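Undergrad: I have a structure I would like to understand better, so I am pasting it below and will then ask my questions one at a time.
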Ligand code: PMP
């Protein structure tokens with residue numbers, strides 16, 4: 001007689017089945033075989049010398065992709081949100097003011113995270129950066145999403161770092177949707193904290209998030225008088241685990257997801273082999289080809305200003321008379337292809353198509369255009 005009251009679930013007795021799918025939504029993207037295979041290599045200890053070498057390769061790859069010499073460059077174990085919280089939780093202390101550019105959902109989320117630190121204390125002003133805003137709020141941190149994947153906007157970065165520094169404010173940039181697909185020069189642009197995710201242009205599985213801190217940012221983080229609210233994301237621990245501090249040895253902090261590190265390392269190697277500038281050019285070229293195709297079908301681009309269109313994620317004005325959910329559902333069912341609707345403030349307004357990393361090609365654009373044409377022919381269109 002078994003002492004168990006819960007039997008083994010029958011569903012777990014079936015084989016794991018995962019379909020192949022064209023991942024042309026705003027992420028995750030498809031993962032090429034080379035990167036998948038890297039993640040299938042044997043597990044070794046998270047404190048073994050070989051993993052430290054792999055982590056060192058990742059740090060070099062991040063410095064290249066971010067164009068920075070920052071010593072404190074590492075990958076947090078978690079997704080883009082983890083890196084967002086790592087940036088905010090380490091720099092903001094109760095009582096500090098934070099300024100957030102809210103141009104879509106990522107600004108909203110950054111403001112939400114900042115507000116969680118010392119309830120009454122951190123005030124988040126929802127505005128675009130200006131000398132007036134900086135002198136009014138005296139923020140310690142200004143947040144901007146470079147690629148706002150909810151609206152498809154690529155926000156210019158020039159001049160903002162210098163402006164922030166004049167007011168003793170750190171410049172935090174979210175490049176989850178843009179890194180590798182559009183130019184970012186962390187050091188030259190005076191960005192103090194930059195983070196991204198593994199699952200978009202990098203084409204690695206979700207679960208690791210590169211992040212880098214300038215010396216100015218480190219001064220704030222390492223001289224704070226209170227401990228960051230998160231132990232897991234405490235930069236002094238992470239910097240030590242990643243060998244970014246001057247301590248003679250690395251201490252156990254958490255069990256690093258070693259197989260995810262292999263994939264991330266390989267994804268950075270793939271990007272380094274192509275060359276950042278070539279990757280930026282390819283994303284730009286494919287975006288223009290895609291946008292011309294959409295317009296020739298009579299579809300409208302949501303971002304009117306051509307110069308601020310995000311090359312990685314395109315937002316299309318939701319076609320009039322159609323239910324966007326029927327379109328995305330039809331394309332998924334008939335073409336085995338993911339595109340998505342809006343997110344946060346753009347829900348109901350747009351369709352979003354992400355062509356990132358290895359997915360950014362003319363052949364894939366043709367596939368998406370054919371799927372859209374087919375959906376517009378077969379989905380229900382109201383007469384009103
Ligand atoms: N920032 C941006 C600009 C994003 O596009 C995303 C993911 N869509 C995130 C942050 C959050 O990343 P994750 O889903 O990996 O937590």
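Placement of Cβ uses the backbone N, Cα and C atoms for every residue, glycine included.
According to TrEMBL, the feature substrate binding site maps to 352. Annotated domain 'Aminotransferase class V' per TrEMBL: 22-366, in sequence order. The feature N6-(pyridoxal phosphate)lysine is assigned by TrEMBL to 200.
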Undergrad: What is the one among the recorded positions 200, 352 whose Cβ has the most other Cβ atoms less than or equal to 10 Å away?
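TA: Going through 200, 352 one by one, the largest Cβ count within 10 Å is at 200.
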Undergrad: May I ask for the distance between residue 200 (N6-(pyridoxal phosphate)lysine) and the residue listed as 'substrate binding site', taken between their Cα atoms and rounded to an integer number of Å?
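TA: Pair distance, Cα basis, whole Å: 14 Å.
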Undergrad: Could you tell me which three-state DSSP class residue 200 (N6-(pyridoxal phosphate)lysine) falls into?
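TA: Assignment for residue 200 (N6-(pyridoxal phosphate)lysine) reads coil.
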Undergrad: With DSSP assignments reduced to helix, strand and coil, which class does the residue listed as 'substrate binding site' get?
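TA: DSSP call for the residue listed as 'substrate binding site': strand.
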Undergrad: Report the mean pLDDT of the predicted model across the domain 'Aminotransferase class V' (22-366), rounded to a whole number.
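TA: Looking only at the domain 'Aminotransferase class V' (22-366), pLDDT averages out to 95.
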